[in-house]
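> One structure is given below, represented as structure tokens, and several questions about it will come after.
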Amino acid sequence: MASTTSRSARPARRNNKAAGSTTPLLWLAFALLVVLLDQFFKIVIVRSFTYGESRPVTGFFNLVLVYNKGAAFSFLADAGGWQRWFFTGLGVVVGAFIVWLLYRHTGQRLFCFAVSLILGGAVGNVVDRVIYGHVIDFLDFYVGRYHWPAFNVADCAITVGAVLLIVDELRRVRKH
């Protein structure tokens, strides 16, 4: 007796990815793009400016070349040198955690976009710490005589990514 089982009767393979999900490699490529943009602008500034030089662009914005041995707002900048490796190690650990998150949350596009920005920014600043021993900052916004601490493209990416994480979480909470 011939077998009555045909190929069409076999269950179809299921795709484990959620509808609308993307590959983590896409988000890693995006993070790499952030790193490349950050490093490109830092190289341009380092080649075009002397340390401490400031060039006005508008009435509230200068390009400037400054170094930051600490973290945001020069936190721990005068700590004696150990902070270079502390912040480098922290950036590597955060980067590894974000890569893990990207593989765990492929169906959450806004979340993946946000953490990719944070990853790119973290890696951009880690590159500076490893190569130069400090982070290169060059964006200087001010009002009158008050200057916001100088920052860079990597810092912008981290900030935008953090804001988008908050937006993503608020959207998720609102759905439930």
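Even glycines carry a Cβ here, placed using N, Cα and C.
Dumping what Swiss-Prot says about this protein:
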type	residues	note
TRANSMEM	26-46	transmembrane segment
TRANSMEM	57-77	transmembrane segment
TRANSMEM	82-102	transmembrane segment
TRANSMEM	111-131	transmembrane segment
ACT_SITE	ASP137	active site
TRANSMEM	147-167	transmembrane segment
ACT_SITE	ASP155	active site
> Sort out the residues at least 6 away from either end of the transmembrane segment (111-131), same chain, that have Cβ-Cβ distances under 8 Å to it, and list them.
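The answer is 22, 24, 27-28, 30-35, 38-39, 42, 84, 87-88, 91-92, 94-95, 98-99, 101-102, 105, 152-158, 160-162, 164-165, 168.
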> Please report how many Å separate the Cα atom of ASP137 (active site) from that of ASP155 (active site), as a whole number.
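Roughly 9 Å, rounded to the nearest whole number.
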> Neighbour count, 10 Å Cβ-Cβ cut-off, for ASP137 (active site): what number do you get?
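Other Cβ atoms within 10 Å of ASP137 (active site): 22.
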> How many other Cβ atoms are found within 10 Å of the Cβ atom of ASP155 (active site), counting all protein chains shown?
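Its Cβ has 20 other Cβ atoms within 10 Å.
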> According to DSSP, folded down to helix, strand and coil, what is ASP155 (active site)?
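Going by the DSSP assignment, ASP155 (active site) falls within a helical segment, counted as helix.
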> For ASP137 (active site), which of the three DSSP-derived states applies: helix, strand, or coil?
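In the DSSP reduction, ASP137 (active site) maps to strand.
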